[in-house]
Structures are given as structure tokens and as C-alpha cells.
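Student: Just passing along the structure, written as C-alpha cells.
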Amino acid sequence: MVCGGFTCSKNALCSLNVVYILVGLLLIGVAAWGKEFGIVSSIHIIGGVIAVGFFLLLIAIVGLIGAIHHHQVMLFFYMIILFLVFLVQFGVSCSCLAMNQDQQEKLLNSTWSLMSNNTKGELEGRLDCCGLLNNTLGQKQFTQDWFSCNAPCKDRRNCYTCGTMMLQHATEALKILGGVGLFFSFTEILGVWLAVRYRNQKDPRANPSAFL
């Protein structure tokens, strides 16, 4: 059977959805890794990537079931939602790649000022660091954080700032997330096209009168 046939379209759509499931798991895993290494929930793009990965995982499962059973309604909703996921994932991925260090510092500074002293202390103890960033803009806040810091590195007098450590991991995570997300966002357009084509094809084994 030529590749434009029913069986080929079905197999291609099933294979693509298996890839989407793997991509969704990869996005969730890398984003969780980035948060685990101290990027914290202040960088909302990381949370956005986890949400996109989760919804991509769900819609891929729906698409896989719809492709296997040639279910018209499931395939219709699959096309619509997958296109919306493409728009969100494309935007989030571009944001990840476009975010420079100054923007990352602004995000960290805005969130650090909203954190309670207990939360700051827990983060400093976990990362073994003191204060956020020792720069001109945050000098007053850094001085206050330094005196209240109880991290082990302070006793050794060899402390890095928490902002420096978080920015290092943030840059790595954002590049990986942005690259992977941007690459696979274009395959979602292929998925929409395949779903439209497969949905309008007739199953040769089905009852002709049952075809919509």
C-alpha cells in the first residue's frame, strides 16, 4: 500500500504520538531537573514548560487512542488541542532561548524579595550559599542576607552567592528546554496535518454506511 493509504497514515500518526509521549516526558524531566538544582519556582518559564509537557503527554495519549480506533471525535479534539499546544510551546521555547542573563537576574531579584526569611534560609542551606547577588542594585539586600545566613559555607568563609549558582543551572536548563521544545513544536504541525488527513480517510475494513 502506498504511503498515502489508510494503514500508512494510521501507523505514521501512531508513531508520531509515541514520539510526543517521549517528548512530553523529556520536557517534564528536564524542567524538574532544573528546578531540583536550585532554579526554584521563581522562573515561571520552567513551570510553563512542565505544563506544556504534561498537556502534550495527555493529548498524545488521546491522539494515540483516536488513531488506533479511527475515532472521529477524538481525532477532531486532538487536532484542535495539538495546534493550541503548538502555539504555547513555540512561545515558551522562544522565551527560553531569548532570555538573557539580565532578564534572569531580574526574575530572581523580583522573586527573592517576595520570599520569606525562612524560605531564603532553607534555600541557602540547601545550596550552601549566602545572599542572592552581590551587585550594586542589590547591595543593601545582600548585606542583610549575609548577616542572617546560616549556610555551612559561611563558617568556612568560602561562600558563593545563591544567584550565581542558580543562574548557572538556569542557563543550562533554559537552553535545553528551549532547543528541544522548539524543535518538536514544528512536528506538532505535522501531527495536525496527519490527523486531518487520516480523519477524512475511509477505513477499508469498516462498514461504508458508518463512515462520516
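Positions of Cβ are set from backbone N, Cα and C atoms, glycine also.
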Student: Pick from CYS94, CYS96, CYS129: the cysteine that TrEMBL pairs with CYS162 in a disulfide bond.
Tutor: CYS129
Student: Per TrEMBL, which of CYS130, CYS153, CYS159 is disulfide-bonded to CYS149?
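Tutor: Cross-referencing TrEMBL, the cysteine bonded to CYS149 turns out to be CYS130.
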Student: Let me spell it out: for each of the disulfide-bonded residues (CYS129, CYS130, CYS149, CYS162), count the other Cβ atoms within 10 Å of that residue's Cβ, using every protein chain shown. Which one has the most?
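Tutor: That would be CYS162, with the most Cβ atoms nearby.
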